[in-house]
């Protein structure tokens, strides 16, 4: 059991799908040495199949009795999409081709269904869902590892893999219900998001948090009652875990999208009264607390429109870096 737990809150109402977080992580951690296909941080469009493809259907996690599920499916290479080779030499140097193309026809990738969403115009909808390792309090990957290579850091609760102990059995890949454990074929070991702990140890925020241009990411210790994590998760209860039913007690929380876009049109062309993003779709991701969270958010926004003060909206705006993260 770790002494303290670092956690994240992602405000989905502010995410613009720019992937700056993804590129920050990719350039720092996964652009070499067998990690090229890995995206420890990814931003997927929902509704959608996600990354790896259909990760929600691959099992893992714990059952209702708290027992580790052993029926998880290891994603195949195609589920992640290609890291294709291109004819750069022939095109840019030798002049044998006038077009840069991949060496094989792409059929899937990390953002293959980006911005597709669900529904038909003018009632279609989608939103962005950034995902990293949840650094769970009850990690299924840790429970599944027979060599005890996976552990939670005592000082901050980050879940990491001891590469010297990992034997490459991939039980952890099967066990993670979020599809955030990866296998490095070049090294023969499992790897994952490390919460940027080398940066954390220097007092710096993780790269994905620091580089977020939409300022959607909040980061800090769960028990810091003066910090944004505690206030959004425990005090205001507007930040919810993703698929809490998996039983891993994730430490990444999401402020659900508020349906502030116009409601869908009725058949006669008039605006209806139903939310554009169906509440049941949001509850399938974030659980039964969605309605109350949205009601709280809506109420606080209404106060601001009346020029009244709102601590919650001030927190969510996150005027400065210090307002959004720090340890």
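In case you wondered, yes, glycine gets a Cβ from its N, Cα and C as well.
The 10 Å shell around the Cβ of residue 15 ([4Fe-4S] cluster 1 binding site) contains 22 further Cβ atoms across the protein chains shown. According to Swiss-Prot, the [4Fe-4S] cluster 1 binding site annotation covers 15, 18, 21, 212.
Summarising the annotation, Swiss-Prot assigns [4Fe-4S] cluster 2 binding site to 25, 193, 196, 208. In this view, residue 196 ([4Fe-4S] cluster 2 binding site) is surrounded by 24 other Cβ atoms within 10 Å of its Cβ, with every protein chain counted.
Positions annotated as [4Fe-4S] cluster 3 binding site by Swiss-Prot, on the basis of similarity to another entry: 133, 136, 141, 176. For residue 136 ([4Fe-4S] cluster 3 binding site), the number of other Cβ atoms no farther than 10 Å from its own Cβ, over all displayed protein chains, is 27. DSSP gives residue 136 ([4Fe-4S] cluster 3 binding site) a coil state; it is part of no helix or strand.
Under the three-state DSSP scheme, residue 166 ([3Fe-4S] cluster binding site) falls in the coil class. Among the features that Swiss-Prot reports, [3Fe-4S] cluster binding site is placed at 145, 166, 172.
Within its own chain, the domain '4Fe-4S ferredoxin-type 1' (6-35) has Cβ neighbours under 8 Å at 41-43, 45, 111, 114-115, 127-130, 132, 135, 156-158, 182, 184-187, 191, 193-196, 200, 207-222, 228-229, 232-233, 239, 251-258, 260, 297, 316, 327, counting only residues six or more beyond its boundaries. Under the heading domain '4Fe-4S ferredoxin-type 1', Swiss-Prot lists 6-35, citing sequence analysis as support.
Per Swiss-Prot, domain '4Fe-4S ferredoxin-type 2' is recorded for 124-155, and the stated evidence type is sequence analysis. With a threshold of 8 Å between CB atoms, the same-chain residues lying at least 6 positions outside the domain '4Fe-4S ferredoxin-type 2' (124-155) that come near it are 1-8, 10, 12, 15-17, 21, 25, 40-48, 50-51, 60-62, 68-69, 115-118, 161-163, 165-167, 169, 171-178, 180-181, 190, 192-193, 195, 197, 208, 216-217, 241-242, 246-252, 254, 257, 261, 276-277, 285.
Along the domain '4Fe-4S ferredoxin-type 3' (157-186), the predicted structure has mean pLDDT 98. The annotation domain '4Fe-4S ferredoxin-type 3' is assigned in Swiss-Prot to 157-186.
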Most Cβ neighbours inside 10 Å, all chains, among the binding-site residues 18, 25, 176, 212: 176
Shell of the [4Fe-4S] cluster 3 site beyond 133, 136, 141, 176, same chain only (C-beta within 8 angstroms of their C-beta centre): 134, 135, 139, 140, 142, 159, 172, 175, 178, 180, 181, 192, 248
8 Å Cβ shell about 15, 18, 21, 212 centroid, [4Fe-4S] cluster 1 site members excluded: 16, 17, 19, 20, 22, 43, 128, 130, 208, 211, 213, 214, 216, 217
Spatial neighbours of residue 193 ([4Fe-4S] cluster 2 binding site) among the binding-site residues 18, 133, 136, 145, 172, 212 [C-alpha, 10 Å]: 133
Number of other Cβ atoms within 10 Å of the Cβ of residue 21 ([4Fe-4S] cluster 1 binding site) across all protein chains: 26
